[in-house]
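Chemist: The structure's right below; bear with me while I get my questions together.
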Amino acid sequence: RGLSVGVSLDSPDSILERIHIGDTSNGIQGGERSFMVYQSNLFDEVSSPIRREVANRSFSGKVLNRIDNDVENGKLEIKEKSICNNMLITVHNKALLSGIAYCISSCSMILVNKYVLSSYNFKAGISLMLYQNFVAVVVVSILSFFGVVSTEPLTLRLIKVWLPVNVIFVGMLITSMLSLKYLNVAMVTVLKNVTNVITAVGEMYIFNRHHVTRVWTALLLMIVSAVSGGITDLSFNATGYTWQIINCFLTASYSLTLRRIMDTAKQVTKSGNLDEFSMVLLNNTLSLPLGILLVLLFNEVDYLSRTPLLQLPAFWMVTTLSGFLGLAISFTSMWFLHKTSATTYSLVGSLNKIPLSVAGILLFKVPTSLENIASIFFGLLAGVFFARTKMQEKSQS
């Protein structure tokens, strides 16, 4: 939700350097403390500058002799190896932890939205989107107020530049809600692959970017899986498919226009930069007045005034949880990107659809057939093949 395309990644060298400093600081802390005590006692006993110089030299000689002895005995080499091993274990653990957090938050967000819209039969998808964005704005504002994160101030010039892409962002969220209301989770994940096809065609015509044959083969497999999945879908709903196709076009438009809008927006900010936290706050804040307008246009106020769901504390707990999960996707996505790379992120995102589809079928007891399940997994594997192909294309270029 509001994550930028081409997010800047931390250098692995800088990560290792920070971990190295953190690991070695505790180890030498005791040595530094004994060194300071010994040096202060020695200087108290030496009064003249000549004696002080002699003392400094003798002390330095003792330290150098101790280091030489450690080198000769092999102790220093063992310490360096243990520090390097600890550094690698720490990096791998953080990357694994960030990947697990991203997968859990993204899967949970879709499943919770499906639960609210289907199990509770909640018919105000725009209002749900509006409340989720409101929760995100409140949480980021609180974090910014206490100095946990830094965000750019929302100036009028920045709002004017960002407003077009925010309209696409709101449309993307709303159509996702509406399609999820009528379609099962597995078919939504498969149909989302159409976004990759539209994005690839848009890159070719807008940015004059050409793709290798393997990429177009993967995209063709995605189209075949989407068509075969729709034909074999026992719970086929034309309204849901229409909203999902519109969502694919809006999602592709968002990714194609975001990069250009980001470059323009950076020029009108006070710091000359626009980080991910600022974009999350900017996107969700600007979506509030637009969401209120759409709630009024689609007459969801009348439904909200009559539904008994708003009187259930459990319903408010679930919807608030969905708001926190939407924000968690932004944070865990940035965390995962910083700890790994964009190619690993895209590959994990494709693999993440497989357990999500299985969970959606099992949790919501979707009526399906062997042909439909085969087409769903065929489409998911096509998505994994597409991600691997894009990784190879990027490494070759």
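Heads up, the Cβ atoms here are built off N, Cα and C, so glycines get one too.
Sharing the features that TrEMBL gives for it:
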DOMAIN    98-385  domain 'Sugar phosphate transporter'
TRANSMEM  95-116  transmembrane segment
TRANSMEM  128-149  transmembrane segment
TRANSMEM  161-183  transmembrane segment
TRANSMEM  215-235  transmembrane segment
TRANSMEM  241-258  transmembrane segment
TRANSMEM  279-298  transmembrane segment
TRANSMEM  314-337  transmembrane segment
TRANSMEM  344-364  transmembrane segment
TRANSMEM  370-387  transmembrane segment
Chemist: Report the listed stretch (241-258, 314-337, 370-387) having the maximum count of Cβ pairs within less than 8 Å of the transmembrane segment (215-235).
Modeler: 370-387
Chemist: Would you mind listing the long-range same-chain contacts of the transmembrane segment (161-183), meaning Cβ under 8 Å and 6+ residues beyond its ends?
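Modeler: Residues 1-2, 110, 113-114, 117-118, 125-126, 128-129, 133, 191, 235, 237, 239-241, 243-244, 246-247, 250-251, 253-254, 257-258, 261, 264-265, 268, 282-283, 286-287, 290-291, 294 contact the transmembrane segment (161-183) from elsewhere in the chain.
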Chemist: Report, as numbers and ranges, which residues of the same chain sit near the transmembrane segment (241-258): CB under 8 Å and 6 or more residues beyond its ends.
Modeler: 4-5, 164-165, 168-169, 171-172, 175-176, 178-179, 182-183, 188, 191-192, 194-195, 198-199, 202-203, 206, 230
Chemist: Near the transmembrane segment (314-337), which residues from the same chain, at least 6 beyond its ends, have a CB less than 8 A from one of its CBs?
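Modeler: Those are 1-3, 7, 9, 95, 98-99, 101-102, 105-106, 108-109, 112-113, 115-116, 120, 122, 128, 131-136, 139-140, 276, 280, 345, 348, in sequence order.
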